[in-house]
């Protein structure tokens, strides 16, 4: 029985030495180069363009005369009011 234990111990020591030597060899050997990396993904669409700034001002009445040089022609009754003319909303008091 003692002989069997000694043989088993020697066998285990040999297996451990063999596995350690294989581990050292595996770490020491350079791996073969892998495949070349392919092209990356296609770039997506760029950022959305910013909208153009408005070309006219907005005075809240839809006639856009805030930026107009001078008056806005016949488009704004408040600017083009004629004091002699009777407008439907003009007060007579």
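Backbone N, Cα and C atoms are what each Cβ position is placed from, and that goes for glycine too.
Model, not experiment: these values are computed from the prediction.
Remote same-chain partners of the signal peptide (1-28), defined as residues 6 or more beyond its termini with a Cβ less than 8 Å from a stretch Cβ, are none. According to TrEMBL, the signal peptide annotation covers 1-28.
Under the heading region 'Disordered', TrEMBL lists 29-93.
What TrEMBL records for 32-54 is compositional bias 'Pro residues'.
Annotation comment: TrEMBL describes 74-83 as compositional bias 'Polar residues'.
Across the compositional bias 'Pro residues' (32-54), DSSP assigns 0 helix, 0 strand, 23 coil.
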